[in-house]
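Written below as structure tokens is the structure these notes are about.
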Amino acid sequence: MNFNKKTIEDVQVKGKKVLVRCDFNVPLKDGVITDENRLNGAMPTIKYLVDNGAKVILCSHMGKPKGEAKPEFSLAPVAKRLSEMLGKEVVFAADDNVVGENAKKAVAEMKDGDVVLLQNTRYRKEETKNGEELSKELASLAEMFVNDAFGTAHRAHCSTVGVTEYLKPAVCGYLIQKELKFLGDAVETPERPFVAILGGAKVSDKINVINNLLEKVDTLIIGGGMAYTFLKAQGYTVGSSLVEEDKVEYAKEMLAKAEEKGVKLLLPVDHRVAKEFKDVEAVVTEDQNIAEGFMGLDIGPKTEAIYAEAIKDAKTVIWNGPMGVFEFENFNKGTIAVAKAMAEADATTIIGGGDSAAAVNILGFGDKMSHISTGGGASLEFLEGKVLPGIAALNDK
């Protein structure tokens, strides 16, 4: 996949109607946005276009309304908040069919530097099927397309891929440009030693990531629930910990592949365990083995030290997935230790979206990282070496 894409700075935007696909899939409570990270992420691109006299038409999905106009998925609160953040009115085109009379009228009346937000693209069933009709309707509003929604770049939808068939040039905004720079450099030309840290509950979610990263990294660190499947593959006892029995063979293959490639594969050497899946006081094991009746819920202190040491020596670090049950105060220590080691590392540090991003932000280490990806699923597919349709559809430099 070519990561060298045209950006908003490579095209003339003044006086042009520009359709911008943003990621405004934000959490709402009683009509109020509870996490503005994604709105903040979209600001540099929107501001650049406004300041350079473009007519800015924003579009996004939110949640899963499944092709119905459900009011709880309306982007009206987003338009209101964007108006406050930009210090100028963002006109909301409240069409249940997304590109309707309101949208057409609002766009026709735009002056340079004006901003319009369309209704939730997933109000239309064909959005997620990459249907021709909606793609054409979206394209008909504008003279060029900007994709700045990395979070949906792994989806071939009307507003990410279909629209580019009918609307050229198609370029990336600052957010996607930054994602491509950090993730692209890491998987293509990392500064070494290159360390990847994978956590989270399931091996099955990360099969292709493990396989692909073993071709690229110097050290692979595994924590979280998926570590127990690997430990079982090595012959350790894991008590009643989460194990994917059908992935034990696969874990054996990956351990062999790491050895063959000369990759250090680090697994926990001790654990924090409990008798049930609850936030109770942790028992720390002596070694890799977990006794009958206990389940591993976090990595142990010896493991923390080993992982922190590997991170400290690295020049590039990518992390995806917590080391334990981060929601439980007694079992968030491993995740905190990894976040802290990354914050202190003299390296390019990349957080691959999802739970790790939330953890790093909650712990207050966000500004210490080189890059926090805005796409959980998209960054995982990127690390799998897959082509992301939303990126592939943009014009190369």
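Placement of Cβ uses the backbone N, Cα and C atoms for every residue, glycine included.
Swiss-Prot lists D23, F24, N25, R38, H61, M62, G63, K64, R122, R155 with the feature substrate binding site. A C-beta separation below 8 Å, combined with a sequence spacing of at least six in one chain, links N25 (substrate binding site) to R38, S60, H61, M62, G63, G151, T152.
What Swiss-Prot records for K206, G296, E327, G353, G354, D355, S356 is ATP binding site, and it gives sequence analysis as the kind of evidence. Within 10 Å of the C-beta of D355 (ATP binding site) we count 20 further C-beta atoms, all protein chains included.
Here the C-alpha separation of D23 (substrate binding site) and G354 (ATP binding site) works out to 14 Å. Local packing around the binding-site residues D23, E327 was summarised as the count of other Cβ atoms within 10 Å of each Cβ; on this measure the leading residue is D23. Among the residues the record lists as binding ATP, namely K206, G296, E327, G353, G354, D355, S356, the two farthest apart have Cα atoms separated by 24 Å. Rounded to a whole number, the C-alpha distance linking K206 (ATP binding site) with R122 (substrate binding site) is 28 angstrom.
Taking the C-alpha positions, the distance from S356 (ATP binding site) to R122 (substrate binding site) comes to 27 Å.
In this structure, G296 (ATP binding site) is part of a beta strand by DSSP.
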